[in-house]
Every structure is written in structure tokens, then in C-alpha cells.
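Per TrEMBL, transmembrane segment is recorded for 9-32, 44-64, 76-93, 99-122, 134-155, 175-194, 309-330, 337-357, 363-386, 430-452. For 10-453, the entry in TrEMBL reads domain 'Major facilitator superfamily (MFS) profile'.
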Amino acid sequence: MDNHQKRNLTFLTIGLIFMLSGIEYAVILPTIWRYLQILEAPPYFLGLGLSAFSLSALVTGPLFGIWSDRSKTTKSIVLFSNVFEIVGNFMYFIGYSKWLLLCSRIVAGVGAGAGSSIFGFLTRSTQPEERAGIFAAIMAGRQAGLLVGPAFNLFLRLCDFKLGPFVVNKYTSPGIFMCLLWMLLQFVVLAMYWDVPPVSCEGGATMMEMKQEEVEEEVPLMGSDEEPVHTYRALNSDQLETSTSSDMQPVHRASDPFRNFSASREFLREEVVVVLTAQFITLFNQTALETMVTPLTQRHFNFGELGNSLMYSLCGVEVILGFFFVRWLSRKVADRAVLAAGLVICCTACIWCLIFLCNPRGANLPLSAFIIGVFLQLLGLPFVAVSQVSLFSKVTAEKTQGFSQGVRRSVGGLATILGPLWAGGLTNNLYIMLGMMLALLLMITVMTALSYDRLTEPRAVQSAQSSDSGG
């Protein structure tokens, strides 16, 4: 099996990982509140349970990223992190107390932290021009999981039996179901996941040039003149294209990716701040809207479980189609243009919702106005989500990409915690909630416009820098 086939199978496996994360969210969310009530948990435990997963992923993401940057391998990290998903979901299945349930979501969230290593691997294994399309397909995998998850609930809700000392019912069954799925995924990772090098006609040469530049920068900082010569020759050899990833590991270990790393220099640059802000605002608004939609449909349209399930299914279809449209569009248009288009759509959607959904006079809310508002909100999501991830991978250093992606995902995790908290108390005051969301969108739109010239691919940045230094 050549590297191209291994690469495709590895990307397929990554898509399955993200799909399982979507399924887990979809099968646990509908029943966790009633599950906590049975365990005599106070109301605030619902927020704790939902936030605990994001919080542990927020903390562990950068740690997994550092691990992958230093080792330049991700397969072992994925296998290790999946163990936390297996254990966490089994703890959820046991569910003897509200505290065990809370701990189960914390443990499972640790496993989700490996996403930073996966995005770092994708960055190192793709060329800039194809990266946005790969990211779009991977993100569509999670949306597919969110779409098919409710279908699994149809049979999980019918469970009513004992498995040894454990009771299997509609509240505990999602835990054991996801535990089994993550266990099956371990075998898939073992068989179909490889730490493959980049596959392209120019990939080897590009990597060699980057490594040579890194070595040249490190020469003055090294104690002897012999070590840099030895490392330079190792990176210059023909093994760069022909050796396996295991052969390359000693070279990677010899060069510490964090030798000259500075967090302030890396993350406080203008273009990085813009992309991280886009990440935060996108997820903050998305989770706020998710929190607001269910009470709104119940109040104005009397939607029950069936109506909400149908609505979420249609939303999932739209988002998946949107991701694949962005996958196609990214081959034609630069990432920064996709980001700008997405922000314009999101601003339009928020203005529409402010005008037609806030309903200050208490009149009945037209269903058509609600549908258009939701459609516009979801339409802009894939544009912003894919472009900001792709841009972030291009404006940050490749050698520390795992850690950088961990920081990006931690910023997103913070947004998913704060978004529901903001919207939860303002479902009866949509002017304030949507007004703040629109203000955030306008802010990031202005930031993007002012920094548009800096939101470019590395080659453009390097050419601009070289022309400046030449002048």
C-alpha cells in the first residue's frame, strides 16, 4: 500500500472519529437532563454536565498538541485519547450518582482534547491549497454524526433490561452504546491510521527547505559546530522522501520544535488574533442560538420532541451541504474571501432575527420568518468555520501546529461554555441577546476588513517580507 492510499484511509478514519463525536453529543444531550433528575441532581448540574466536557477538552487540547509536535506522531495519541472516551462513557452508563455522571463527562472530554493533535497532523499532511477542502470534509463528518445520532435514539429509548448488575434503560443506554462504538473505533485506528508524510510533487522539497531554514536559525544557539552539520545532513538526505515515519522520528526528536518558540510572538500577531477572534465569536453565537431555539419553538410554535428532532435533522442536512459547498468553493477562492463572505451572511442573519424574531408587541411569530432566520444563520456557519481553521493553520508555524491548534480549540471551548450561559438567561429578552451577537459579528467583520491583506497564505507572506527586507 503506497502513501497515497494510506493517506486517504487515514483521512477516512479521522472523519469517523469526528462523526462519533457528533453521535455522542446527539445521543446524550436529549436524555442527560432527565437522567440527572433521576439521580436527584439540582438544576445547575445540567450546565455543569454540559460544560465539563468542553472544559476538560479545553485544558487537555494544548497538552496533546505539544505531545504530537514533539513526537511528530498522532496514531498513539489517538489510541490513548480514545481510552478516555471509552472509560468516560462507561462511567456515564454506570451512573450511580450525579457526581459520577459529572466525572464521566470530564473524563470523556479529555479524549476530545486529541482533536488538536489531529488538526496538527492534517496541517502537516496537506498542501495549503487543498487544506480547506480537507477540513471541510472532516467537519462535515461531525455534522453527519449529529444528523444520524437521533436515529440511534429511536432504539436506545426502547432499552429496558439488565446487564449483570447494571440497568440498561433509555437514560443509561447512550453511555454503553458510545462505549462500544469507541471500542470498535480503536480497531479501525489500528488498521487504517498511519502517520504518513505529505503526498505531493513538491511536498518533499518544501519540507526540506523548511527544515533547512529551521536548522540555520538554530545554529547560533547550539553549543558546538558539529551538531548542526550532522542535523543538516540528515535533513538533506534522500531519506526525506523514501524513509518511513519511524525512520524520521530520530530526526524530529533531535530538533525541538519549541526551541525558539514564544507564545506572545506566535499568538499576538495581528492575523492570528483576527482568526482566533473569529473562532470565538462563531462558536459563541452558534451555541447561544442553539440554546435559544428550543424555548422559542416551544413558545411560538408548540414544537414537541418530534418537531424539534425534525428541525434539527433539516438543519444538519443544510450544514453538511454547506460544508461540501465550501469544500468546492475553497478550490476557487482564497480562504480570506470565504471568511469575509461568511461574516456578511452571519451579520445579515442576525439583523433579520433582530427585526423579525424579537417580536416586541407580543404578536404571533411567523413560521416563515423563523425558518429564514435559521436558514441564514446555518448558511454562514460553514463559510466561517472552515476558513478560519484553514487560515489559522497557514498563519501559525507548522512545526508547533499541534499546540497552536490546541490553543485554537481551547478558545472555541471557552466560547461553547460562555455562549449557553449568555443565552440561557436572555431567552425572554432577545433584543439584548441578539444585539450582543450582532455587535460581536460587526466587530470581527471590521477586524477582518482592516487585516484583510495579512490574512494570506505563507508564500504570499514570505514574498511580502522578502520584498520589504530587500527594500
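Every residue, even glycine, has its Cβ placed from backbone N, Cα and C.
Keep in mind that this is a model prediction, so the values were computed, not measured.
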Recorded stretch that, among 76-93, 99-122, 134-155, 175-194, 363-386, has the most CB pairs under 8 Å to the transmembrane segment (44-64): 99-122
Recorded stretch that, among 99-122, 175-194, 309-330, has the most CB pairs under 8 Å to the transmembrane segment (363-386): 309-330
Recorded stretch, among 76-93, 99-122, 175-194, 309-330, maximising Cβ pairs under 8 Å relative to the transmembrane segment (134-155): 309-330
